[in-house]
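Visitor: One structure, as structure tokens, below. Some questions next.
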Amino acid sequence: MMKKNQTMISEFLLLGLPIQPEQQNLFYALFLAVYLTTLLGNLLVIVLIRLDSHLHMPMYLCLSNLSFSDLCFSSVTMPKLLQNMQSQNPSIPFADCLAQMYFHLFYGVLESFLLVVMAYHCYVAICFPLHYTTIMSPKCCLGLLTLSWLLTTAHATLHTLLMARLSFCAENVIPHFFCDTSTLLKLACSNTQVNGWVMFFMGGLILVIPFLLLIMSCARIVSTILRVPSTGGIQKAFSTCGPHLSVVSLFYGTIIGLYLCPLTNHNTVKDTVMAVMYTGVTHMLNPFIYSLRNRDMRGNPGQSLQHKENFFVFKIVIVGILPLLNLVGVVKLIMKYHSKSVA
């Protein structure tokens with residue numbers, strides 16, 4: 001039993017990334033570019049789907065939700081990482097740490113559910129094309145999305161409440177760049193058995209079951225595609241669901257590499273690199289995968305935006321000018337710190 005006079009900690013120290021001091025500014029510029037690209041790319045996908053009437057379909061409603069989730073998921077960890085990379089005291093208050101853990105769980109699990117919903121869309125579109133509009137009605141799509149948000153809220157709230165009841169009284173150094181659930185459990189000085197069981201049980205429901213559903217839907221999709229006699233039908237099917245399969249592989253590939261590899265192969269550097277891939281890089285690549293490999297995203301938005309001159313100008317500014325301004329700012333930042341180090 002914990003002693004009453006034992007001091008309770010009020011903040012944690014985030015060790016951050018295992019980067020050499022001379023490489024700090026280079027990686028800061030790299031992560032800043034990744035974060036800005038993630039924000040602009042996913043925001044552009046959301047705006048394009050909203051403005052183009054040809055994309056007002058269940059599949060693209062799910063895609064806009066996925067882009068919003070990617071945008072928010074990166075914003076949970078990347079700004080704090082960038083701040084701590086330029087700070088001499090990379091601390092985070094206990095309440096802020098719980099909030100970061102909550103939103104990290106929320107948007108991570110939400111993406112898993114959204115990928116399952118989108119896989120179901122692809123499955124119906126390819127395996128039952130004549131009944132697609134009947135099965136995937138707007139009401140059905142909205143119901144699946146609402147269920148995903150509700151289940152995600154319950155999952156993140158449960159873990160956060162269980163974490164809030166724990167006591168942290170000794171070690172307050174987190175060997176990570178964000179407040180990860182498993183890392184916080186190792187620092188607790190009270191009984192974490194309930195948290196461990198809930199994490200094991202909920203992890204199976206939240207990750208394993210959606211992953212199995214994705215595997216089964218992909219297997220049915222591939223078998224249906226292989227039975228299509230015409231080359232045009234195969235190309236259309238891959239154009240519809242090829243980007244989604246790429247995103248699924250990227251998302252679950254990083255999770256498997258981070259959490260499901262043999263424990264003997266785990267080390268801090270490897271786990272940190274995989275966590276950066278999981279929290280930053282995958283969400284940056286998602287809008288590019290959907291835009292470059294999906295014919296609807298490449299074709300119809302351009303035709304629609306030509307009739308919206310104001311937004312067309314806005315698009316040119318976002319895509320063309322802002323990256324140049326960001327690049328100039330990054331170069332100036334590197335030169336400033338380089339001159340200080342030389343002096």
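Cβ coordinates come from backbone N, Cα and C, glycine included.
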Visitor: Which candidate, C179, C189, C218, does Swiss-Prot give as the disulfide partner of C97?
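Guide: Answer per the record: C179.
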Visitor: With every protein chain in view, how many other Cβ atoms are within 10 Å of the Cβ of C179 (disulfide bond)?
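Guide: Result for C179 (disulfide bond): 24 other Cβ atoms within 10 Å.
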Visitor: Given the model, what does the mean pLDDT over the topological domain 'Cytoplasmic' (332-343) come out as?
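Guide: It averages 45.
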Visitor: If we call contact 3 or more Cβ pairs under 8 Å (sequence gap 6 or more), are the transmembrane segment (196-216) and the transmembrane segment (142-162) touching?
Guide: yes
Visitor: Who are the long-range neighbours of the transmembrane segment (272-292) in its own chain, taking Cβ under 8 Å and residues 6 or more past its ends?
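Guide: For the transmembrane segment (272-292), the list is 17-18, 31, 34-35, 37-38, 41-42, 44-45, 63, 66-67, 70-71, 73-74, 76-78, 104, 176-178, 180, 243, 246-247, 250-251, 254-255, 257-258, 298.
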Visitor: Using a Cβ cut-off under 8 Å, which residues of the same chain at least 6 positions beyond either end of the topological domain 'Cytoplasmic' (163-195) come close to it?
Guide: 2, 6-9, 11-17, 76-77, 80-81, 84, 92, 94, 97-98, 100-101, 104-105, 268, 272, 275-276, 279
Visitor: Tally the residues of the topological domain 'Cytoplasmic' (50-107) by DSSP class, grouping H, G and I as helix, E and B as strand, and everything else as coil.
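Guide: Split into helix, strand and coil, the topological domain 'Cytoplasmic' (50-107) gives 47 helix, 3 strand, 8 coil.
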